[in-house]
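Take a look at the structure below.
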Amino acid sequence: METKIGKNNENIKIGICLSLLGGFLDSYSYILKGNVFANAQTGNVVLIFIALANREFNKSVKYLIPVVTFAVGIFISELLKTKRNLRSHIRLKMILILEAVLIACIAFFGKNYSNHAVNCVISFIAAVQVANFDRIDNSPIATTMITGNLKSGMIQLSQYIHTKNRDCLYSFIKYMIVICNFGIGVIIGCVSIRLYSEYSILVCEIFLISTYITIEEDKTGLP
């Protein structure tokens with residue numbers, strides 16, 4: 001029988017908290033850090049090849065760095081998953097602590113560095129989050145971007161209409177909840193930025209603490 005420890009990263013409450021965080025980070029990087037969406041890398045890849053086409057090689061390297069940073073975050077996360085002596089809930093809590101520390105560094109030291117450097121850190125945060133918290137109730141999901149969620153949600157809705165399977169309807173609702181909370185995270189980010197500017201990113205610590213508490217509660221009674 002599957003233990004709850006394997007389900008820690010699949011809790012809908014965690015999906016809600018982390019999608020709020022994902023939306024907040026995108027609004028933060030866009031409004032304060034050069035109109036960039038740092039969570040996903042498609043735009044950076046496009047900009048790399050536009051720069052190459054225009055023979056702007058220095059600019060292509062600039063856009064390559066956050067892509068590499070994101071890739072490193074995914075790679076490190078996958079290495080941690082292979083550590084058999086590292087229990088799931090411990091790994092997930094380590095990731096949350098790492099995110100919390102990096103977010104605090106952005107808040108207090110981000111002004112001393114370029115927007116590009118800060119966006120690279122945000123890209124790394126997004127990578128470790130999307131790699132470690134990638135499922136809800138056995139459904140693949142992303143808490144830092146919505147394109148895949150929108151596609152999967154529409155597939156589930158289509159299947160429900162065709163089969164009347166309530167599991168498909170439930171999955172569709174889950175995807176819509178995550179998408180809506182991502183949008184709410186953007187709104188919270190916009191309001192917080194108006195009030196607190198650079199320090200507004202500390203609001204994200206609330207989402208991380210809530211996620212940490214949920215994981216801590218879920219592991220109760222487990223070895």
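Heads up, the Cβ atoms here are built off N, Cα and C, so glycines get one too.
Heads up, TrEMBL stuff is auto-annotated, nobody curated it.
Non-local neighbours of the transmembrane segment (63-80) in the same chain are 38, 41, 44-45, 47-48, 51, 86, 91, 94-95, 116, 119-121, 123-128, 130-132; each lies 6+ residues outside the stretch with a CB under 8 Å from one of its CB atoms. Residues annotated as transmembrane segment in TrEMBL: 63-80 (among others).
For 92-110 (among others), the entry in TrEMBL reads transmembrane segment. If one looks beyond the transmembrane segment (92-110) by at least 6 residues along the same chain, the residues whose Cβ comes under 8 Å of a Cβ in the stretch are 8-9, 77, 80, 118, 121-122, 124-125, 128-129, 132-133, 198-199, 201-202, 204-205, 208-209, 211-212, 215-216.
With a threshold of 8 Å between CB atoms, the same-chain residues lying at least 6 positions outside the transmembrane segment (172-193) that come near it are 12, 15-16, 19-28, 31-32, 136-137, 139, 141, 143, 146, 149-150, 152-154, 156-157, 160, 200, 203, 207. Annotation source TrEMBL lists transmembrane segment at 172-193 (among others).
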